[in-house]
Ligand code: HAM
């Protein structure tokens with residue numbers, strides 16, 4: 001058997017591949033990226049690219065030492081003797097903030113809107129919608145604490161989903177308060193869970209000391225039973241005055257703009273850098289535990305990485321999960337176009353000439369040509385298989401007169417076109 005790809009990875013296959021599903025279709029990926037790019041650039045976001053691997057310390061400090069991502073899911077690469085190791089990035093935000101600080105982007109007009117897309121890596125157990133290499137579209141706004149910026153970010157995530165055709169997504173919106181609010185909440189949780197320590201999973205015993213809020217996000221049934229029994233109060237009850245006002249303003253804008261959302265009073269995100277606004281986009285087609293996207297405000301992250309305080313908010317959408325949800329809803333995508341022109345010679349001595357005409361004709365659009373002589377019948381068959389718009393044949397007689405025989409495969413109409421006129425002819429039909 002030929003070698004196989006690693007577990008938890010996918011190939012992105014060309015259209016027409018026999019084993020095609022929406023989440024492995026390369027053209028579907030590009031469509032999502034393109035819709036997102038258009039929406040984000042219209043909102044003023046500029047593209048930023050960062051490395052696929054970063055210093056392990058950046059991810060530890062950025063994403064947070066108490067998260068599953070850092071504790072269990074890092075792909076670490078040890079390369080130079082005593083170097084602390086690199087990690088394949090599990091998400092984009094920490095790298096973007098590092099680049100913002102390192103590149104002096106604080107000097108650009110604020111708030112600075114950035115976007116990126118690409119592969120992320122988490123060593124998770126493989127299941128539907130849960131991959132080890134997956135892809136995100138990511139949007140970050142740096143330099144403003146204004147709740148209007150949070151609301152715009154939520155609205156943009158929603159707009160991308162809607163523009164892709166998603167109808168049954170739900171935004172769950174919450175706030176995890178300021179650090180002092182979270183400290184108070186963690187104190188409450190510690191007091192609540194400590195008498196039941198024995199009933200917690202080993203992971204959650206550890207979470208109780210490091211970051212008790214993480215217990216609420218536990219995947220263990222044992223933990224979830226206990227959480228249910230204890231009737232845990234939500235984080236939202238512990239918001240201080242400032243965070244409460246901020247959260248109210250975010251909601252007011254979203255309501256005014258008719259962006260639908262549900263309040264999730266106890267939202268827990270899988271990363272430690274969040275403050276105040278936090279949200280996720282959910283869809284029943286990929287399961288209750290798996291969000292299509294998530295985001296939030298992270299005012300403390302830049303300082304956590306050694307820089308100044310930079311208020312910021314952002315989100316990421318998982319492309320594979322979006323595609324699963326869109327497939328679940330039966331959303332159709334625009335068909336990928338075939339070539340404008342498929343060109344072939346009828347005899348061997350004109351194959352080179354057909355290629356030369358084809359190469360030049362590409363100024364007008366997508367042009368493909370045959371690499372050997374074809375009979376006229378085969379030319380039309382080949383052109384049809386490639387879903388070409390026009391098919392052209394050239395034989396010795398046409399070559400001598402400097403013309404091509406072109407058939408419009410949509411209308412069935414044929415005509416002779418001078419090679420010197422080909423560019424104009426194609427441009428009119430592109
Ligand atoms: P996240 O919630 O960890 O947030 O990931 C965002 C999205 O990436 C998820 O909602 C999901 O669609 C996708 N995703 C995550 N893990 C996997 C996986 N193993 N397989 C498939 N898809 C996955 C972040 O990454 C934050 N950096 C978002 C953000 C940006 N916050 C502020 N700025």
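Every residue gets a Cβ built from N, Cα and C, even glycine.
Mapped onto three states, the DSSP output places residue 93 (L-histidine binding site) in helix. According to TrEMBL, the L-histidine binding site annotation covers 91, 92, 93, 122, 136, 140, 269, 273, 274.
The feature domain 'Aminoacyl-transfer RNA synthetases class-II family profile' is assigned by TrEMBL to 32-334.
Taken from TrEMBL, the feature region 'Disordered' applies to 1-21. Listed as Cβ neighbours of the region 'Disordered' (1-21) (distance under 8 Å, sequence separation of 6 or more from its ends, same chain) are residues 27, 29, 123-124, 126, 130-133, 320, 327, 336.
Summarising the environment of residue 136 (L-histidine binding site), the number of other Cβ atoms within 10 Å of its Cβ, over all protein chains shown, is 24. In the predicted model, the domain 'Aminoacyl-transfer RNA synthetases class-II family profile' (32-334) has a mean pLDDT of 94. In the structure as shown, the Cβ atom of residue 274 (L-histidine binding site) sits within 10 Å of 26 other Cβ atoms. Of all residue pairs in 91, 92, 93, 122, 136, 140, 269, 273, 274, the annotated binders of L-histidine, the farthest apart have Cα atoms separated by 21 Å. Sequence-distant neighbours of residue 269 (L-histidine binding site) (same chain, 6+ residues apart, CB-CB distance under 8 A): 176, 278, 280, 294, 296.
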